[in-house]
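Enquirer: Below is one structure. I have some questions about it.
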Amino acid sequence: MEGESYHNETTVNGTPVNHQALERHGLWEVITIAAVTAVVSLMTIVGNVLVMISFKVNSQLKTVNNYYLLSLACADLIIGIFSMNLYTTYILMGRWVLGSLACDLWLALDYVASNASVMNLLVISFDRYFSITRPLTYRAKRTPKRAGIMIGLAWLVSFILWAPAILCWQYLVGKRTVPPDECQIQFLSEPTITFGTAIAAFYIPVSVMTILYCRIYRETEKRTKDLADLQGSDSVAEVKKRKPAHRTLLRSFFSCPRPSLAQRVRNQASWSSSRRSTSTTGKPTQATDLSADWEKAEQVTNCSSCPSSEDEAKATTDPVFQVVCKNEAKESPGKEFNTQETKETFVSPRTENNDYDTPKYFLSPGAAHRLKSQKCVAYKFRLVVKADGTQETNNGCRKVKIMPCSFPVSKDPSTKGLDPHLSHQMTKRKRMVLVKERKAAQTLSAILLAFIITWTPYNIMVLVSTFCDKCVPVTLWHLGYWLCYVNSTINPICYALCNRTFRKTFKLLLLCRWKKKKVEEKLYWQGNSKLP
């Protein structure tokens, strides 16, 4: 365990502890201690093995969060297999009978695993904190590979801090001062050293984790409140008060009856009109080959809110389009459009040879300019089709005229100015993300609470014994140290209580129904809902 050497007949300050009294325990007392510790050890092993198997068989659990929990389960499994049983044997026998090498190996393994648990909790806390406070920048870097690197560093730091000192200290000082029938860390015989290791290995990490969790909790509550305000502002009554007649998005339009056009499509885009006062318009020259100028447009929403019929047909002003494009358009010789560029690019085409037979393709002015590689965002506009007097060119495309559609752009970047359906989808997505964040925060809070409850009593005794070496009874030392081990038993229970997927997977594995469930799912996708 971290920061202290009570694996032996000495307390943290080096005062000898008489284990002979333990040898005089009654038979039933020994049986009770052995049975209780064996049950706790078995629960620890089974619980953490279930965590590992669940992570292996259930793909839903293979998230970045659970990679850290998997590492924590590995440390807890080591404690459940080795530390609990060896320490119980040492207590009941009253002496160490396995030799000095086995003692040093056990202490190194115990301290490395215990410190790795603390380091993993620190990593989990920082991961949650950055995920909440820096969702855009941090989550892009939050990959399983990076999680593996952080986990490896946690174990490496724990190993470097404890293993060399425990295994090599006797060679550095020239002799082994630990008696043959005792098992303790030689360099932790001084109270001041033990006190310093307890501060560095427990109190500082706990303080950091507590501060991080408080900030995580505040940020999560703030997001919950913001989401509630967003849902309230997007109520049905408020949606009805809006003026959808001033907002239009077109599905996609313009197609020439050439079957090879679809094969030439490379990018998707939408168009949006800017206000006429932002730029001047010009008249484009006619393109000689339209096939290279058609790009497929994905449906954004229904074009049902613009004024229609005669009002549109009578309009004669040239359309003004604001290019907010992030897509590279290769330069095509022989095609020119009259454009004007400021900080943003504005294009004003008056199409002459376009078709509106099927709403699949639209003419893109990006063919006239070589733009930097970027993605296109939504453009807003309306389409006017002159039904009478339409003419066809040699390419088989009819005349169409595009008129700007008024679209009030909200200065507020929230979803209030969006289409109600789109706003609902965005709100739903935010709610789902928030639910996941709250679940992860709940799991973290349960793990931290269990860690603090189980480790604090022992580390308080470490501080007390530094100033009063005979104030802590031997039995209390044993209970406090064993309670630190119990934390490894509680952690898998926390996962099951706070994570429904873990809980369901644990249940299926314990009932030996996991293979049956996989077969049922396979048959379900084949059209059967039950096993024959």
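Just so you know, glycine gets a Cβ as well, placed from its N, Cα and C.
Annotation comment: Swiss-Prot describes 270-281 as compositional bias 'Low complexity'. As annotated by Swiss-Prot, disulfide bond applies to CYS103-CYS183. Sequence annotations record features per position, and here Swiss-Prot assigns N-linked glycosylation site to ASN8 based on sequence analysis. Residues or ranges marked as phosphothreonine by Swiss-Prot: THR501, THR505. Swiss-Prot lists 265-290 with the feature region 'Disordered'. Residues annotated as topological domain 'Extracellular' in Swiss-Prot: 1-29, 88-104, 170-191, 465-478. Taken from Swiss-Prot, the feature topological domain 'Cytoplasmic' covers 54-66, 127-146, 215-443, 499-532, and the record attributes it to similarity to another entry. Residues annotated as transmembrane segment in Swiss-Prot, with similarity to another entry given as evidence: 30-53, 67-87, 105-126, 147-169, 192-214, 444-464, 479-498.
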Enquirer: Have the transmembrane segment (147-169) and the transmembrane segment (479-498) got at least three CB pairs under 8 Å, pairs 6 or more apart in sequence?
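Expert: Contact criterion not met.
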Enquirer: So how many other Cβ atoms are close to CYS103 (disulfide bond), meaning within 10 Å of its Cβ?
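Expert: For CYS103 (disulfide bond), the 10 Å Cβ neighbour count is 22.
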Enquirer: For CYS183 (disulfide bond), what is the tally of other C-beta atoms lying within 10 angstroms of its C-beta?
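Expert: Excluding its own Cβ, CYS183 (disulfide bond) sees 25 Cβ atoms within 10 Å.
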Enquirer: Let me spell it out: take the transmembrane segment (67-87), skip the flanking residues so only those 6+ beyond its ends count, and list any with a Cβ under 8 Å from a Cβ in it.
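Expert: For the transmembrane segment (67-87), the far contacts come to 1, 7, 37-38, 40-41, 44-45, 47-49, 51-52, 55, 106, 109-110, 113-114, 116-117, 120-121, 123-124, 127, 144, 147-148, 150-151, 154-155, 443, 447, 481-482, 485, 487-489, 491-492, 495.
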Enquirer: For the transmembrane segment (192-214), which stretch among 30-53, 105-126, 444-464 has the most Cβ pairs under 8 A?
Expert: 444-464
Enquirer: When each of 30-53, 444-464, 479-498 is checked against the transmembrane segment (105-126) for Cβ pairs under 8 Å, which one has the most?
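Expert: Stretch with the highest Cβ contact count: 444-464.
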Enquirer: Just checking, which of THR501, THR505 (modified residues) has the fewest C-beta atoms within 10 Å of its C-beta?
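Expert: Candidates: the modified residues THR501, THR505. Fewest Cβ atoms within 10 Å: THR501.
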Enquirer: Once the DSSP letters are reduced so that anything not helix or strand counts as coil, what is THR505 (phosphothreonine)?
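Expert: Assignment for THR505 (phosphothreonine) reads helix.
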Enquirer: Taking DSSP states H, G and I as helix and E and B as strand, how many residues of the topological domain 'Cytoplasmic' (127-146) are helix, strand and coil?
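Expert: Counting residues per DSSP class in the topological domain 'Cytoplasmic' (127-146), I get 17 helix, 0 strand, 3 coil.
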Enquirer: In angstrom units, rounded to an integer, how far apart are the Cα atoms of CYS103 (disulfide bond) and THR505 (phosphothreonine)?
Expert: 38
Enquirer: Compute the C-alpha separation of THR505 (phosphothreonine) from CYS183 (disulfide bond), stating it in Å without decimals.
Expert: 40
Enquirer: Against which stretches of its own chain does the topological domain 'Cytoplasmic' (54-66) lie, if we need a Cβ under 8 Å and a gap of at least six residues from its ends?
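Expert: Same-chain contacts beyond the ends: 124, 127, 142-144, 147, 440, 443, 501-502, 505-506, 509, 514.
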Enquirer: In whole Å, note down how far the CA of THR501 (phosphothreonine) lies from the CA of CYS183 (disulfide bond).
Expert: 42
